[in-house]
Amino acid sequence: MEAGAVTTAGTTDRYLLRGVAPLGGERVDMLLAGGVIERIAPEGTLWSDGDAQVVDGAGLVALPGLVDLHTHLREPGREDAETIRSGTRAAAAGGFTAVHAMANTTPVQDTAGVVEQVWRIGAEAGWVDVRPVGAVTVGLDGEHLAELGSMAHSAARVRVFSDDGRCVSDPILMRRALEYVKAFDGVVAQHAQEPRLTEGAQMNEGVVSAEIGLAGWPAVAEEAIIARDVLLAEHVGSRLHVCHLSTAGSVDLVRWAKGRGIDVTAEVTPHHLLLTDDLARGYDPRYKVNPPLRTAADVEAVREGLADGTIDVVATDHAPHTREDKDCEWAAAAFGMTGLETALSVVQHTMVDTGRMTWVDVARVLSSTPARIGRIDTGPHAHGRPLDVGEPANITLVDPSAVRTVVPTEQHTASANSPFGGRELPGRVVATFLRGRATVLDGAPVDGGGAS
Ligand SMILES: NC(=O)N[C@@H](CC(=O)O)C(=O)O
Ligand SMILES: [Zn+2]
Ligand SMILES: [Zn+2]
């Protein structure tokens with residue numbers, strides 16, 4: 001029988017996960033009921049009382065539900081590329097139980113009204129918990145601070161603020177934002193891109209850009225902003241998060257800042273862990289992304305930084321785009337790639353299967369640390385918690401021995417701009433549980449599972 005097959009029908013709020021391997025531990029049976037982990041016992045000792053669905057977990061790793069700090073859901077405004085419903089369904093398929101929805105929508109998520117709308121639509125869809133990110137500046141204009149406090153105190157309880165897609169390049173505004181978020185334990189997530197150094201830039205500045213004649217984007221454009229921002233965070237005693245860090249020099253700067261005790265965290269995307277700027281040679285806009293794919297030396301440095309804890313989390317930067325925006329010549333194409341449904345496989349491939357990280361580390365970088373940075377690690381709706389009795393049953397079951405070829409058109413996201421199409425990747429998400437309710441079973445979203 002295939003691992004993960006549901007063998008006994010039952011009600012949908014009680015699941016018996018039989019023989020799953022929680023992190024670093026012996027195989028156990030786990031009973032999910034009432035939205036929490038009700039019991040954990042040695043394998044073969046828990047039996048369904050007839051009203052629990054049994055999931056055969058033999059060979060599966062049980063992870064705390066994954067948390068993405070950086071997702072673009074595109075609603076409101078670009079529902080042709082993704083909706084909150086399609087994006088969160090894709091997230092569940094990728095093993096996520098919570099995502100942070102970036103603010104660069106239309107209208108921008110810069111008021112309590114817009115963030116509450118995104119949060120409410122996410123809750124109604126019921127696939128994952130949607131945590132809206134609030135814009136730092138009004139309309140992402142980079143000039144006027146948005147009302148961060150009203151977003152923080154809204155029903156959406158925003159804690160992460162970002163103008164992602166654009167850099168908060170004005171140092172005075174960045175300073176004020178860092179000071180402002182302290183009042184509600186928030187964090188400013190910076191898209192580090194010095195705008196003057198990247199005017200017209202199309203790809204990484206280096207050997208390849210010179211050869212193929214595309215305008216280059218120097219590593220220093222990212223590093224200069226990170227250097228400035230860690231010093232600002234130190235100066236005002238606030239919390240900074242660096243989005244999609246991509247260069248070896250950025251890793252060094254974050255390592256230095258942490259060594260000084262500066263309150264900074266950083267993320268790397270799956271694509272920057274695996275792909276290099278060599279891919280731009282074919283002028284295929286699937287590989288056009290912000291920040292750009294870098295060199296093999298940068299890939300090595302971000303892997304090392306993730307393994308040694310300098311980089312805190314892997315975040316997808318899932319950036320869906322329509323065919324019209326992506327199937328065109330390189331210079332005209334939009335920046336961005338999808339990632340929710342391949343993130344765990346890429347992390348397994350680049351970090352676990354290479355011996356650099358264990359599954360315990362994977363749970364840290366894809367669940368507990370992003371939950372802590374987003375301040376969703378406590379309470380009944382907590383994510384990233386250890387899989388213990390009484391904790392919310394947010395669980396992802398992975399089959400690490402599975403191998404699959406990525407077919408973008410078969411994914412659940414509404415857009416097909418995956419850079420991994422045609423690649424063979426290890427690992428498969430077999431099941432995802434959100435507060436004890438299955439959102440994914442047998443590797444497929446449970447449609448009609450509905451909101452809780
Ligand atoms: N990463 C990208 O290339 N694009 C993102 C914006 C961003 O993350 O900067 C998008 O919104 O499309
Ligand atoms: Zn960005
Ligand atoms: Zn982004």
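Placement of Cβ uses the backbone N, Cα and C atoms for every residue, glycine included.
A quick note: this is a predicted structure, and the numbers were derived from the prediction, not measured.
Listed in sequence order, H70, T71, H72, C243, H244, T269, H271, V289, G336, M337, G339 are the same-chain residues at least 6 apart in sequence whose CB falls under 8 Å from the CB of D317 (active site). If you look up TrEMBL, you'll see D317 marked as active site.
In the three-state DSSP assignment, the secondary structure recorded for D317 (active site) is coil. Residues annotated as Zn(2+) 1 binding site in TrEMBL: H70, H72, D164, D317.
Taking the Cβ of N104 (substrate binding site) as reference, residues of its chain lying under 8 Å away and at least six apart in sequence are, in sequence order, H72, A135, L140, D163, D164, G165, R166. Residues or ranges marked as substrate binding site in TrEMBL: H72, L73, R74, N104, N290, H321, F335, G336.
Here TrEMBL flags D164, H191, H244 as Zn(2+) 2 binding site. According to DSSP, D164 (Zn(2+) 1 binding site) sits in a coil region rather than a helix or strand.
Per-residue pLDDT, averaged along the domain 'Dihydroorotase catalytic' (61-247), amounts to 98 for this model. The domain 'Dihydroorotase catalytic' annotation in TrEMBL covers 61-247.
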Contacting recorded positions for ligand 3, chosen from L73, N104, D164, H191, D317, G336 when the Cβ sits under 6 angstroms of any of its atoms:
D164, D317
Based on a Cβ-to-ligand 2 distance below 6 Å, what subset of the binding-site residues H72, L73, N104, D164, H191, F335 would you report?
D164, H191
Residues among the binding-site residues H70, H72, L73, H191, N290, G336 that border ligand 1 - Cβ under 6 angstroms, in sequence order:
H72, H191, N290, G336
Cα separation, L73 (substrate binding site) to H191 (Zn(2+) 2 binding site) (Å, whole number):
17
Would you mind pulling the DSSP three-state label for H70 (Zn(2+) 1 binding site)?
strand
